[in-house]
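Trainee: Let me give you the structure first, and then I'll get to my questions.
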Amino acid sequence: MSVIKMTDLELAGKRVFIRADLNVPVKDGKVTSDARILASLPTIKLCLEAGAKVMVTSHLGRPTEGEYNEEFSLAPVVNYLNDALDCDVKLAKDYLDGLELNAGELVVLENVRFNKGEKKNEEALSKKYAALCDIFVMDAFGTAHRAQASTHGVGMNAPIACAGPLLAAELEALGKAMDNPARPLVAIVGGSKVSTKLTVLESLSKIADQLVVGGGIANTFIAAQGHNVGKSLYEADLVETAKKLMVECAIPVATDVACAKAFDENAEAEIKNVADVQDDDMIFDLGPDSTAVLADIIKNAKTILWNGPVGVFEFKNFEAGTAGISKAIADSEGFSVAGGGDTLAAIDKFGIKADVSYISTGGGAFLEFVEGKVLPAVAMLEERAKA
């Protein structure tokens, strides 16, 4: 994967347009979770320290396109940046016809979704963005799977288009895990439904040495082995697909599970052999034997790709499976990449952040990359690197 990297460019005096992911939760005009801003700060600081004229923008929420709506303004982000940086950060509302900036100055361009034509990647808007800059920096992996004016079109028209440090690190980590992985490669796919992760499972079954399934997905595989799954969430219409995947790839299926009679955080966990699951049982987690077997597989892996918890880890009585998998990943000496919202919540809950080699910032983009799909923003950067 060959792209121009921002860190290889001379930025002094240049007008630099950074497309970041500053789509943060806001309540009462205050940023309530700053993780995405913190992730973008090093890129912004590098540009400022290099003496660039810096513009940074993002989407925030889902406003009606083409209409200003204060509820979705980037103003709270600007307030946050003013506190975090040693410079005066301004918010520009009307910027499409040009901006005057000085070297070492930072301006936040208002929510790109206030501009008509953003989502449809319209050429006229893309060219207006491009006219603002000498260098376009794509640094929002979380939106790299969308071809929009601020993620794709601008890069096709800007004098130079490059990958920011965040995006470059993401592509490097995912490439290391998928393109030429140290083996054995173990992929862990959790979540509630096979249908939503089917293309991920099919893609990983072709490259993984072992594919670990968990959550509601695992129930469909248990059913595919002819076992009763009671009232558990599973997809009867995908049992044949599960059987096919088990032929194509080594998929260790649970031998024991944690059940309850109702979906309730106070429900007692009953550990059962899969052959003993009753019609009124609901499977909510892996049992201790299955967790131990999978933990051994993970500990011996050279590369680990993790997307999704293996049980209802939000409930104290059904967290043991995901806790065991998390510990195995933390203890493994292999290279590990984790991504997806629920996965990040599990990493936080079990305190293994420092032990995961790379944590992906992109939800949908992470999944599409793992599915083997071409991400439009990345394809654009590769094309521009050839020019």
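Using the three backbone atoms N, Cα and C, a Cβ is placed for every residue, glycine included.
Per Swiss-Prot, the features are:
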- Asp21, Leu22, Asn23, Arg36, His59, Leu60, Gly61, Arg62, Arg113, Arg146: substrate binding site (BINDING)
- Lys197, Glu314, Gly340, Gly341, Asp342, Thr343: ATP binding site (BINDING)
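Looking at the shown structure, can you explain where the listed features end up?
Mentor: Within 10 Å of the C-beta atom of Gly61 (substrate binding site) sit 14 other C-beta atoms, taking all shown protein chains into account. Reduced to three states, the DSSP call for Gly61 (substrate binding site) is coil.
Cβ contacts within 10 Å of Lys197 (ATP binding site), excluding its own Cβ and spanning all protein chains shown: 24.
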Trainee: Judged by the number of other CB atoms within 10 angstroms, which among Asp21, Glu314, Asp342 is the least packed of the binding-site residues?
Mentor: Glu314
Trainee: Taking the binding-site residues one at a time (Asn23, Thr343), which has its Cβ surrounded by the most other Cβ atoms within 10 Å?
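Mentor: That would be Thr343, with the highest Cβ count within 10 Å.
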Trainee: Provide, as an integer number of angstrom, the distance between the C-alpha atoms of Asp21 (substrate binding site) and Gly340 (ATP binding site).
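Mentor: Checking the Cα atoms of Asp21 (substrate binding site) and Gly340 (ATP binding site) gives a distance of 16 Å.
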Trainee: Between all pairs in Asp21, Leu22, Asn23, Arg36, His59, Leu60, Gly61, Arg62, Arg113, Arg146 (listed as substrate binders), what's the biggest Cα distance, rounded to the nearest Å?
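Mentor: Among the residues the record ties to substrate, max Cα distance equals 18 Å.
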Trainee: Of the binding-site residues listed here (Lys197, Glu314, Gly340, Asp342, Thr343), which is spatially closest to His59 (substrate binding site) when Cα positions are compared?
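Mentor: Nearest listed residue in space: Gly340.
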Trainee: What three-state secondary structure does DSSP assign to Glu314 (ATP binding site)?
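Mentor: The three-state answer is coil.
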